């Protein structure tokens, strides 16, 4: 069934209430989606995009009810991905000579999917126009990497409608087409989820591209997206949101997510959260177990947050697989203006937290100190977790928090004595396999090696707490080997 968008513009797309996975299984479409295609009927008849390939036959059948396919003058493909151009093969079987207007990159993508280089392609660039009669034109604007190299937008003069492709859309299915007809809270949530999980890597391109489009000084009375609602009520509100989200966005929010084998890392997460809210009751704190939570919800919360704490148990001396996968996704999303800290519980070997810290730093996060607990955290260990949360709350505060009472400090002469004593303990030693460092001043209490024990007095049965290898793999720490 078609819907009148405005004047001679019809929506001829397809709702998909059942879809729950997008881009393979990488994006959960919990509210379904729609594949928006538009038919413009002026002196020339124009089709803007098609629908997902799984609805190809239905799409062509429905389009026949609106127009004799032979009367279709032009096809515009804003984006060659299969959820936009998937029905092209079915359609072109009926009208093989119809001109297709798209970017040069789109021709490569379309041929890669459909394998019909003989189709009647016409390459367009930013500023190119196509006269469709009745005093109206289509103006094309290339938008490479928002979010594919082939992407573009199309503007219809006279009606002042911007066919925006993936930008400003959302995976959101509703029987109503327009933004003022649907639940506003749901709509906003799905818009932000869409931006956070799909467009965040390209945030640096969003602002200049929007500025370029606004520079045309064209009125925009509607924004017709490729997924979700058409923006007709205050359509530029979503443009303003994109500019906000693209500008190193953060809220006063901290996200904690973790995976755990024996519930120990969960206990740490809860205690850290308690410490944060104890010091800063105003900050929003959300905790997710990655094994039981929607991945895209977690990533959306990370996008919204000023910082993230990531927890993992140690398995085979590395982090849990679901944590590793999610951190890899965060690396690809290239979040900006975020801080991070790693934490986790381990048994005989604890390499995961250090590995996780390195991965988070590689992903572009500004790192704070990490936190480890051996085995199941006891009362003292949980207090350390709460203190870690208190420290994080102060370090990550967007504005200064009330200063806590100062802790009692040792007398200066005591500090001097302690420093002198530390100097007599000999060098720190580093494991040549996993780079764990033995500090004589700290010892290794978990193996009954007390603080203040020089390396020469460490028992021969000592094992590296990270990789479980013996003393023979340790060397003097490079910074001290002079």
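Backbone N, Cα and C atoms are what each Cβ position is placed from, and that goes for glycine too.
Since the structure is predicted, the reported quantities are computational estimates derived from the model, not experimental observations.
Now, the feature entries from Swiss-Prot:
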| type | residues | note |
| --- | --- | --- |
| BINDING | 431, 434, 464, 467 | Fe cation 3 binding site |
| DOMAIN | 254-393 | domain 'Flavodoxin-like' |
| DOMAIN | 426-477 | domain 'Rubredoxin-like' |
| REGION | 30-210 | region 'Zinc metallo-hydrolase' |
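When the domain 'Flavodoxin-like' (254-393) is classified with DSSP, helix, strand and coil residues number 66 helix, 36 strand, 38 coil. Candidate binding-site residues: 431, 464. Fewest other C-beta atoms within 10 angstroms, 431.
Residue counts for the domain 'Rubredoxin-like' (426-477) under DSSP (helix as H, G, I; strand as E, B; rest coil) come to 9 helix, 12 strand, 31 coil.
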